[in-house]
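Below is one structure, written out as structure tokens, with a few remarks after it.
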Amino acid sequence: MNKNKIIVPLSNNSYEVTIRQGIINSIGKELTQIGINNNRKILIVSNKEISNLFGSKLLNDLKKYNFSAEIFNIKAGESYKNLASLREIYDAAFEFGLDRNALLIALGGGIVGDVTGFAAATWLRGIDYIQIPTTLLSMVDSSVGGKTAVNHPKGKNLIGAFYQPKAVFIDPETLKTLPIREFKAGMAEVIKYGVIKDKELFEYLEIDKNREKILNLDNESLIKIINKSIRTKSYIVSKDEKENGIRAILNYGHSFGHVIENLCGYGEYLHGEAISIGMKIAGDISTEKNLWLKEDSLRQDKLIESYGLPTQTPKIKKHDVITILMGDKKVRDGKMRFILPKGIGEVDIFNDIKESQFLKYFD
């Protein structure tokens, strides 16, 4: 068994995640091996920066295997994760003549992946798509699990669908082109997995020499943390594909993080930076409610900060915080649900948190 091939086992539409150095240079071969024939048109969706780095090489490789393929770039940045970008992809799909046998490839970070996935879910009522994530955050989180969406002015990811990719191909080499701020932001999601389900991963991340290797983009260390993160997510998604139960724990830090992203203006904080602050708030609430030890909370905060991530909450109007939280997808029957830690490697879902218990962190 190849330890860097991870199956996401679902009742329908199971698929493989392959992690391999250099895999981005052999996507044509990979597609043929999973049964995608070269009679299918392919539209690669990316952004200009990523396309300049990897697009031509990917396109040439696909053409080597006689695929008819083109690249279409959307604008980069969270503020462009919207219906306008979605429509641009639809227009490109129409111009290129994508039928129901066609394939979309998302080449880029989480924004490209989310928008492309939603385009695939909705173009001609659904066509296949592949994820080739190029950021750490998209590798360990958004490329796996089938959540696709665009933002609405009233909230993040409010317009979307659960729609699984046919495959995910991860090349750690692409991280060497990533700005260090974005790499560190991706580490927030890796730390999240340690807190919610994988104590061993958390302890691995705490060790100084491991942190040094990770931040220096050591290939073996990167593959290890990507692999462990995806295995945790795959397990959770396999138990609850549509987020009716346990999958909600993957949103640890996200309720407060989305508030910060929205109210500070998309782009002021990177997604992972906002999530790191959200985890800090959730940890503090848990400490106050005696759900976990103060020592655990301090360990979490120290780990977050050791990877260069923020923990200081920005000043935000309390009324606006409630407005955004009540529009959150995790609200059920008018009640806000929060993911709070009970120990390193264990969290639970709570709906009995009073407003006063979290609003004070936004003073």
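Quick reminder: no glycine exception, Cβ is built from N, Cα and C everywhere.
Record check, Swiss-Prot: Zn(2+) site residues include Glu189, His254, and the candidate from His152, His271 also listed there is His271.
Sorted by the number of other CB atoms within 10 A, the binding-site residues His254, His271 start with His254, the lowest. Lys147 (NAD(+) binding site) carries a strand DSSP state (E or B). Classification of Lys156 (NAD(+) binding site) by DSSP places it within a strand. Counting only residues at least six positions away in the same chain, the Cβ atoms of Leu136, Leu137, Val140, Asp141, Ser229, Gly272, Ile275 sit under 8 Å from the Cβ of Glu189 (Zn(2+) binding site). The least crowded of the binding-site residues Thr134, Thr135, Thr174, Thr177, judged by other CB atoms within 10 A of its own CB, is Thr177.
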